[in-house]
Structure formats: C-alpha cells, structure tokens
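Engineer: If you scroll down you'll find the structure; I have some questions about it.
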Amino acid sequence: MATLYWQTEGAGNTDLVLLHGWGLNAQVWQSIIARLAPHFRLHVVDLPGYGRSQGFGAMSLSDMANIVLAQAPERAIWLGWSLGGLVASQIALSAPERVDKLITVASSPCFSAQDGWPGIKPDVLQGFQQQLSEDFQRTVERFLALQTLGTESARQDARLLKSVVLEQPMPSVEVLNGGLDILREADLRQPLADLAVPFLRLYGALDGLVPRKVAGLLDEQWLNSTSVVIPKAAHAPFISHPDAFTEQVIAFAQA
C-alpha cells in the first residue's frame, strides 16, 4: 500500500504541519526549516503522488485531505501553500477538532476567476493541462517561473523551485492533472466563511496566481480570519522573504 513521505523535526512543543503546492514537494520548505525548528515540532509532508509519496493516482480534494489527516498528529497548526492551502482548509472543515490554527499561504478558496472574483482564468488552467501531456517538464518549469515573477530575486527563486522539483521523484502527468482539476474546480468560499478555527491568510503583493485583491474581498466576507500581504513578494513569499514570513507564522502561532 502507498504511504506518504512524512518527516518530523524541531525542538518546539507545538505541532506544525507544512503542506506544499502543485508540482512540488516538501523540499520546498528547506529555506525556512531552520527558522521554524526552534519554535515547533515540524511535520513536512509530500502530498499523495508528489515527491517521495509515490504510488498514489489523481484524487479529489477531500480524498487528499483524508489521506494526509490519517498520518497527522492528533492536534496541530496546519500551514498550506497554494494547492496545499486548499488541502489544509479542507482538513479544517472536515476535522476542525484536529486543527488548532489554520494558515494559508498564497492560496485562494477559489483559484478560478469568476464574475466579481479575481483568479486564474479557467482556460489558462486548461491550457496547462493540455501542455502537460505534450511537454511535461517544460510546462512544470513555466508554472514555477510564474510563481516568482516580479520579485527582486525572481530568477534565483525560480532556480530554487526547479531544483526542488528535480531533486525528488516527479509526479505523474495523471497526478499533476488531478491537482490542476482541484485548482480549477474547488470553491471553499462559503464553507470557510463559518470556520471557527483561528485563521491567518498570508499573501504576496506581486502574486500573479492569487491576486492581492483576494485578500481584501475575503477580509470583508470572512470576519473570522485575518490577512497579511507581504510587500514585494509573489507566489512563494517563504522563499523570497523568509524572515518576514516566519515572523508572521511564529507570532500567529503564539498569539
């Protein structure tokens, strides 16, 4: 039976689970592990089908959340980046008693642009799916480049993301397509409006995938959560601005 890659480290007493985004793996957190480890017991996970968690096919958001939750500590703070933010949010909705606090990073409850809602145009996501079957590696690289666009360290950050992908086993086209399906179809705006778990949303001011307007719209709609927009950061603020990012995480965890 397929099992998740799950690594635990750190000197703190508080469990913090880190969930990566589409196409990547837990290696993406390496630049902030040393900053977080004194404060938390860190759990870094490769999502099903990604990195070292091989043997899983494409799956729904709720199935992915259930598989991750099955290996998780009894109670934890959950931090999810991008697609991982949807997984962490789904876990908070389906098992709130196991979630002390929720942090989403450069994530949206609805990644697809809709009337009155900023996001990625659905045909762009469909285009990525089409290109995946034609040129798998180039498509993943293009997506990674989009994530760092606009930051002062864009090239360096994109190189780091690419090395994270290439150092571990690559997800299959089926798994990547399944992840894009989730990004295209998921809409947790209404369910998360009633979430009773303490909830912090972190954004990059220059993010081209999750526009900063999302932060303001959700501030109005979700009175139960707070948002912080990190200036000059794009879709991977923990890579471009690790100090500002970890300060926010530690302050929220200790509040």
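Keep in mind that glycine also has a Cβ here, set from the backbone N, Cα and C atoms.
According to Swiss-Prot:
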DOMAIN    16-242  domain 'AB hydrolase-1'
BINDING   Trp22, Ser82, Leu83, Phe143, Leu144, Ala145, Leu146, Gln147, His235  substrate binding site
ACT_SITE  Ser82  active site, nucleophile
ACT_SITE  Asp207  active site
ACT_SITE  His235  active site
Engineer: Measuring Cα to Cα, how many angstrom lie between Leu146 (substrate binding site) and Ser82 (active site, nucleophile)?
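Structural biologist: That comes out at 13 Å between the alpha carbons.
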Engineer: Report the mean pLDDT of the predicted model across the domain 'AB hydrolase-1' (16-242), rounded to a whole number.
Structural biologist: 95
Engineer: Where the residue listed as 'active site, nucleophile' and Trp22 (substrate binding site) are concerned, what is their Cα separation in Å, rounded?
Structural biologist: 7
Engineer: Which of the binding-site residues Trp22, Leu83, Leu144, His235 has its Cα closest in space to the Cα of Asp207 (active site)?
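Structural biologist: Going through Trp22, Leu83, Leu144, His235 one by one, the closest to Asp207 (active site) is His235.
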Engineer: Within 10 Å of each Cβ, count the other Cβ atoms and name the one among the binding-site residues Trp22, Leu144, Leu146, His235 with the highest count.
Structural biologist: His235
Engineer: Using a Cβ cut-off under 8 Å and a sequence separation of 6 or more, which residues in the same chain sit near Leu83 (substrate binding site)?
Structural biologist: His20, Gly21, Trp22, Leu47, Ser107, Gly179, Ile182, Leu183
